[in-house]
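**Student:** Sharing the record's features from Swiss-Prot:
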ACT_SITE  Asp605  active site, proton acceptor
BINDING   Leu485, Gly486, Glu487, Gly488, Thr489, Phe490, Gly491, Arg492, Val493, Lys508  ATP binding site
COMPBIAS  8-18  compositional bias 'Polar residues'
COMPBIAS  20-32  compositional bias 'Basic and acidic residues'
COMPBIAS  40-53  compositional bias 'Low complexity'
COMPBIAS  137-158  compositional bias 'Low complexity'
COMPBIAS  183-203  compositional bias 'Low complexity'
COMPBIAS  271-282  compositional bias 'Polar residues'
COMPBIAS  285-310  compositional bias 'Low complexity'
COMPBIAS  347-365  compositional bias 'Low complexity'
COMPBIAS  396-419  compositional bias 'Low complexity'
COMPBIAS  823-832  compositional bias 'Basic and acidic residues'
DOMAIN    479-799  domain 'Protein kinase'
REGION    1-86  region 'Disordered'
REGION    135-158  region 'Disordered'
REGION    179-215  region 'Disordered'
REGION    258-419  region 'Disordered'
REGION    809-832  region 'Disordered'
Amino acid sequence: MVAANLEVPTSSSSSAATKRQKDVDNKLEKCLNDMLKLKTSSNNNSTSNSNNNAIMSHSLTGEHKDPKTALEGPTSSSSSSSSKYIGESQIPVPVQLYDPQKPLLQQQQQQQRICYPIGKSNSTSQLPMGGYQRLLQHQQQQHHQQQQQQHQEQQQYPQHKRPFLNWNSFACSAMNGASDPFMQQQHMPAHQQQQHLPHKLQQSYSSSHVPKQAPKSGLAMFLQKNTNKENKFGQPMQQQPPGMMPQMYGYQAPQQQSKIGYPRTGAPLTHSASFSSAQRPTALQFHQQHQQQQHLQQQQQHPQQQQHQHSSFGVGMMSRNYYNMPKQPERKPLQTFDPYAYPKPNQMQPVKYQQQQQHPHTQFQNASAGGGGGGAAGLQYDPNTNTQLFYASPASSSSNKQPQQPQQQQQQQQSQLQQSNSVIFNHSGQQHQPHQQQQNEMSKSALGLHFIETAKPVIQDDADGHLIYHTGDILHHRYKIMATLGEGTFGRVVKVKDMERDYCMALKIIKNVEKYREAAKLEINALEKIAQKDPHCDHLCVKMIDWFDYHGHMCIVFEMLGLSVFDFLRENNYEPYPLDQVRHMAYQLCYSVKFLHDNRLTHTDLKPENILFVDSDYTSHYNHKINREVRRVKNTDVRLIDFGSATFDHEHHSTIVSTRHYRAPEVILELGWSQPCDVWSIGCILFELYLGITLFQTHDNREHLAMMERILGQIPYRMARNHTLYSKTKTKYFYHGKLDWDEKSSAGRYVRDHCKPLFLCQLSDSEDHCELFSLIKKMLEYEPSSRITLGEALHHPFFDRLPPHHRVGEVSNKQPLSSGSSSRERSHSLSR
């Protein structure tokens, strides 16, 4: 279109106005003659030239003399070649086109926009014929092309930093059914694209020496212009050859919204994907300008050859689309993604890769033009939909820019899918998976991405080293967290659901602390040894199903059990267990720990919290003595858990083991320990199950020893002397063979008031109760060598009343009653 503007002469002299008018008429006649010559030499543009002649003849009749009628009169027909002469100082003005070959009513209905200069000038260069003079001057065309070339070269550099991209505005409109303006522009016919091309004001560049980045085409440009106020008036979108970009981006229908999915389960994304200014896409390295012009000419002359070359994914495609094919943005790991949001990828079916070998459209890769940390984007042919798909790969695998062989491409694609969990997008709305085809909902921010490279979830720990998780998180691509079961010094235990077996299990998540991680490895080793000796769990030790290292957190999967005997006791308001239930639980505990001792393994952390019911269902009944309801567990089958502190005889023995309330005296006095320390702990447990209270409720070593003497009698002199001679601790608890303890102090009065001899704690003088306390007294012997072994305990009269169906296994009389040699236990426990 040609810019025109006529002004009324302001001179007072009529002669000067007449002279100027004659000068204008001469120029118009000269221009008309030139246009007539151009008409005879041009055959392709006969129709447009005839219109121009009509317009010029109409202008010569004198309409240009009146400035009011000039704005409505002579104009030139709109064409794509003349649209490039629109200056920055021009604004579009709707006018009517005059065509003598068409009816007047039809011409009045057609409205077009013609840009006229802004401002006033007395020069005649702003007359309507100035546009035709520029068309005839070839030097001005070359000068204009050079300016465009310099303008594009200046835009190849990065832009200034801009505000944070807000994807929600576009995502919300997309989810409400708003179509993509980029897709609308690409699917329009060529003549409609020219008519609908927006005439926007050119953005004036600042005086800064930092150049701007090239305008982005497509969806990236749409998001940039709608989310950045600084670039609200950006450069207009440059046109692309029809049918080029839809094939490159895999679009088939602008009405159908794209869907994303995962290679395995198709779980939807759950977090927003927003990128800061440091993670913006970088510009693509373009070819030289003369090569670009050559390819553009080849496209116009040979459209069929262009389509064939585009299907081969050669270098020519990059040069032909240098201004509308920006480099794919670099995607960094999303720091807000949750662990369960990304299921474990599986290998693609070999049939799909065999189909890709048969097609020449195998791969097209672009190496990352920026620094490290970015990813490479490519195109992949889909034989089912006859479209091309984007795929993302990590930066480590995109260093090679040369085309690869089909077999190497298959291996690389499989490794990339396994390592980076790449998501392949089909913009037609269909996702191809080996086992299922499922369309998933997308997160709001993911709607604005052509492709996305999924990253490994970022694992966060709290100040104590516990793993931060939420209900519904999926660990190790298999175990879905359902609830938290308990917490300890080692970590937490959660209830998980095995997604493969559809079965609930218990998952022990160890703290991300070195000492607890090493202890977990020892526990796994002990559980594996136990599984070798007892594959069917006949000896009542918990069964380990699986284990794995989850980002520094050792995780062990166990069978799902019920409450611990301590938790059930606490929920029952510390109402003690009936004696028959205590007998059955004590028998199972002795039987299970004896199995460990027979295999030269010491548990070292026996307590009610580590004894779990297989099923903690209960019945309630009213107790008239205490005037309230009490619970009674239905099934007293138990399992032994927590082998984190289990120690083999040949392994290093820590100085302090066991929980305070169940710690044996040889451990407190640092005289060495072995299997008898477990027997002491079992004696304390039986007392607690029987009475519902802890036998030694203290947190101080000296007070603990004072309670022992108050309940069990004086500590032997030999142990006191050995403690004084061999103990490495600076604190000495004995003076001249006696415990250094002030009974008149507040702590001494507390021990005297709350502790009493063991046999005075019996609830009844019946034979059953006396047999239980007899067993407890033998388990609480000071001397480890004098302490009863678990083999002997299983033959204690207290277990004679146990029903046959409660006996796990008959203990043969021919087997040694002790769990190992008594001399070995005594020598090891008193090795100092």
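Cβ from N, Cα, C; glycine included.
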**Student:** List nothing but the largest Cα to Cα distance in Å, as a whole number, among the residues Leu485, Gly486, Glu487, Gly488, Thr489, Phe490, Gly491, Arg492, Val493, Lys508 that the record says bind ATP.
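**Tutor:** About 14 Å separates the two most distant Cα atoms.
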**Student:** How far is it from Leu485 (ATP binding site) to the residue listed as 'active site, proton acceptor', counting Cα to Cα, in Å?
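**Tutor:** Rounded to the nearest whole number, the Cα-Cα distance is 20 Å.
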**Student:** Counting by DSSP, what is the helix, strand and coil composition of the compositional bias 'Basic and acidic residues' (20-32)?
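**Tutor:** With helix first, then strand, then coil, the compositional bias 'Basic and acidic residues' (20-32) has 13 helix, 0 strand, 0 coil.
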**Student:** With a 10 Å radius around each C-beta, find which of these recorded positions (Glu487, Asp605) has the fewest other C-beta atoms nearby.
**Tutor:** Glu487
**Student:** Averaged over the domain 'Protein kinase' (479-799), what pLDDT does the predicted model reach?
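**Tutor:** Across the residues of the domain 'Protein kinase' (479-799) the model's pLDDT averages 94 on the 0 to 100 scale.
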**Student:** Might you list, by sequence position, any residue in that chain lying six or more from Gly491 (ATP binding site) with a Cβ less than 8 Å away from its Cβ?
**Tutor:** Gly465, His466, Leu467, Lys508, Ile509, Ile510, Lys511, Tyr516, His553
**Student:** Reported as an integer number of Å, what is the Cα distance between Val493 (ATP binding site) and the residue listed as 'active site, proton acceptor'?
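**Tutor:** Cα of Val493 (ATP binding site) to Cα of the residue listed as 'active site, proton acceptor' measures 17 Å after rounding.
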**Student:** Once the chains shown are all counted, how many other Cβ atoms turn up within 10 Å of the Cβ of Thr489 (ATP binding site)?
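**Tutor:** Summing over all protein chains shown, Thr489 (ATP binding site) has 11 other Cβ atoms within 10 Å.
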**Student:** Near Leu485 (ATP binding site), how many other Cβ atoms are within 10 Å of its Cβ?
**Tutor:** 18
**Student:** Quick one: which residues besides Leu485, Gly486, Glu487, Gly488, Thr489, Phe490, Gly491, Arg492, Val493, Lys508 have a Cβ within 8 Å of the ATP site's Cβ centroid, in sequence order?
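**Tutor:** Checked against the 8 Å cutoff, the neighbours are Ile509.
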**Student:** Please report the Cα separation of the residue listed as 'active site, proton acceptor' and Thr489 (ATP binding site) in Å, rounded to an integer.
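**Tutor:** Here the two Cα atoms lie 13 Å apart.
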**Student:** Need the DSSP three-state call for Val493 (ATP binding site) to compare against my parser.
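**Tutor:** Reduced to three states, the DSSP call for Val493 (ATP binding site) is strand.
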